[in-house]
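What TrEMBL records for this protein:
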BINDING   A:Lys7, A:Phe8, A:Gly9, A:Gly10, A:Thr174, A:Asp175, A:Tyr180, A:Arg185, A:Lys210, A:Val211  ATP binding site
BINDING   A:Thr47, A:Glu74  substrate binding site
DOMAIN    A:268-353  domain 'ACT'
2 protein chains.
Amino acid sequence: MSVLVMKFGGTSVGDLARIRNAAEKVKREVERGHDVIVIVSAMSGKTNELVGWVEETSPLFDAREYDAVVSSGENVTAGLMALTLQEMDIPARSWQGWQVPVQTTSAHSAARIEDIPRTNIDQKFAEGMKVAVVAGFQGISPEGRITTLGRGGSDTTAVAFAAAFGAVRCDIYTDVDGVYTTDPRIEDKARKLDKIAFEEMLELASLGAKVLQTRSVELAMRYKVKLRVLSSFEDTDDNSGTLVCDEEEIMEQNVVSGVAYQRDEAKMTLISVADRPGIAAAIFGPLARAGVNVDMIVQNISEEGRTDMTFSCPVNQVARAKDAMDKAKESGEINFHDLVADTDVAKVSVVGIGMRSHAGVASRMFDALAAEGINIKVITTSEIKISVLIDRKYMELAVQALHDAFGLDSAA
Amino acid sequence: MSVLVMKFGGTSVGDLARIRNAAEKVKREVERGHDVIVIVSAMSGKTNELVGWVEETSPLFDAREYDAVVSSGENVTAGLMALTLQEMDIPARSWQGWQVPVQTTSAHSAARIEDIPRTNIDQKFAEGMKVAVVAGFQGISPEGRITTLGRGGSDTTAVAFAAAFGAVRCDIYTDVDGVYTTDPRIEDKARKLDKIAFEEMLELASLGAKVLQTRSVELAMRYKVKLRVLSSFEDTDDNSGTLVCDEEEIMEQNVVSGVAYQRDEAKMTLISVADRPGIAAAIFGPLARAGVNVDMIVQNISEEGRTDMTFSCPVNQVARAKDAMDKAKESGEINFHDLVADTDVAKVSVVGIGMRSHAGVASRMFDALAAEGINIKVITTSEIKISVLIDRKYMELAVQALHDAFGLDSAA
């Protein structure tokens, strides 16, 4: 018997009518012969209400109690979904994390799934149950306390179940109908991708395309779980949405699959840093300890033992970064002339597995930007991604130009 | 170490401010040296919301899923109460039913507590925990599913914990400040009782004084748990509220402790029933199967092999009772001339353990009613209770007259 995992997020189960709508999709998969494991989030708004109560009660809350309170939202949806399926004559039951049990670490509010024993659910499938509805986002610690996986944890729950049960696929139902070549709000020629490689999805997710949690994509890649993103609110069939899969499964591969952006970046430059071995550690150690998420790093050519060091970080971390650098200067850890922050920049990236085997991607990118008169401030590259920092006011223009230059409006 | 059980109902934990108020009361008991087990209900309104969702989803719902959904309200309160206590520097943690575990039967939505092993909570007390906050109303079945005890189940949870932990007392915090000699809305001289015997409380509870669930009083009586009813919304001390206890502990006992009433009764009379052995079973069997709660029963003197049979039941069950009797007549089970329903009656009762050793209570009651010109339609008596059925329009007058006749406005 083939197991299919289906995950419905908060907006997809936001009220009883939407739960019924989701159940209809589950029913269709049961009729196709699947045993289905449904992972549900809390009804939209419920988790925020519970988190609000906890934070108002106790600003420095005990994470164990936070988890016990916040996990209750998913339990409600799981029961309601099981009841809805039963009303459609589909044998279903709900499972809370501890009942499966979803065994996690003790890192409350950010727990990691360690194991999902199949015995209990497999036994029910063998007895004729067709759908196991599992409360997402939660598990049980070795101490027997309720844990949660952190925000977006329901995607991770879904992928972990798909891996544990050898599922044919893990379908993530959400409020968008798939992964796009770029943000359709910026480029109206943006095209939905039928398939995308895990590695590309990871780069896009970390670049702000918030369709899937990075962590769930990593897990899917590690366990080779076929992941599909599709819409709860449209009619869907076997070809709907976007399949996130191994690159071998993608026959016709564009050189570039998508253009991503991050609007609120800042470019920070340390002027005239003493260039000595260990200087990078001396700069980025204090920044990391201060909680600054440093992204791009560029070091200029050294002259007379001194150099300029440039890095980027989110705009709202600029004050924290300055503070950390000033303190490191005072303590004598590092020595620099000045710290200059440019808070009006954005990052634009092209991502594609095809880059590995195609030369000339970078130059095509730079040509396209130059043709629009867009100045590049910083460049970084990885195997499957090229990112540039540019003035924020050119961001939309850059996305459109690159989308066009790489022919993303038409399939490969 | 002495264990004290404190139970807070839905209105007592209705919002974060009220949870804090309840936590203050818990704190005071900890400071007095108790280890405290707090039993909490769901925040008021929450259970109704969850029940509404279940009923809308599935009119003939699976009670196992109902329990899984509905129990989540208590889990939220338990976590929030534990966090509130921690904020007051009191070592506390929450326990859901399955974590204790509260072992129940598998009768979902109406489960009975079978056992409460002390090991887990005792271990935490030994490690320095001062307060165990337990989600009321719920447990776990032998199959590992979540069960609930039915409405009012949190009182039962509290008494069961008090019995299991040999608690010095079980304090039920609610929105009234104790048990009264009668309803203060009818008799403004009604007086709060300092103590009342279990048996009396049971009679009062079943007569409509809705302070405590009958079931929790029965359990307290069986396990000799001292039960106290007191207000969440007033300053309370060791002498607050009403103590429900063994009659031996009540030194000065009034002959009558209270006057109770039930407004919406109906008096039904089967005219000219064939009087033969087994006739009572032939009448009350079909009524019971039809779900009619028959209360008082009186059989008139038999003449020429026929008799009149009178019984009382709630007004809203009259149609059902008539239907059951008509069907029994059609099927030949019973034979009667007519069924007459008087739907304008009320029941008034006096309750008191002192009756056992004092003669003349009935005549004093009948004299008091006669002095007001109130006609008695039906009388029933038990060891500690005398009830009469009267015209509904005299109900308030009867309560006041009896309260006065038995001197209930002053202590014994």
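Glycine residues also receive a Cβ, built from the backbone N, Cα and C atoms like all the rest.
Because TrEMBL annotations are produced automatically, they should be read as predictions rather than curated entries.
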Could you put numbers on the helix, strand and coil content of the domain 'ACT' (A:268-353), residue by residue per DSSP?
28 helix, 34 strand, 24 coil
In terms of DSSP three-state secondary structure, what is the assignment for A:Thr47 (substrate binding site)?
helix
Three states by DSSP: which one describes A:Glu74 (substrate binding site)?
helix
Please report how many Å separate the Cα atom of A:Thr47 (substrate binding site) from that of A:Tyr180 (ATP binding site), as a whole number.
28
For A:Tyr180 (ATP binding site), the number of other Cβ atoms found within 10 Å of its own Cβ:
22
May I ask you to report the DSSP-based helix, strand or coil state of A:Gly9 (ATP binding site)?
coil
Name, in the order they occur in the sequence, the residues of the same chain whose CB lies under 8 A from the CB of A:Glu74 (substrate binding site) and which sit 6 or more residues away.
A:Val40, A:Ser41, A:Ala42, A:Ala135, A:Gly136, A:Phe137, A:Gln138, A:Ser154
With an 8 Å cut-off on Cβ-Cβ distance and a minimum sequence separation of at least 6, pull the same-chain contacts of A:Lys7 (ATP binding site), or say none.
A:Val38, A:Ile39, A:Val40, A:Ser41, A:Gly136, A:Ser154, A:Asp155, A:Thr157, A:Ala158, A:Cys170, A:Asp171, A:Ile172, A:Tyr173
Is A:Tyr180 (ATP binding site) helix, strand or coil when read with DSSP?
strand
Within 10 Å of the Cβ of A:Thr174 (ATP binding site), how many other Cβ atoms are there?
22
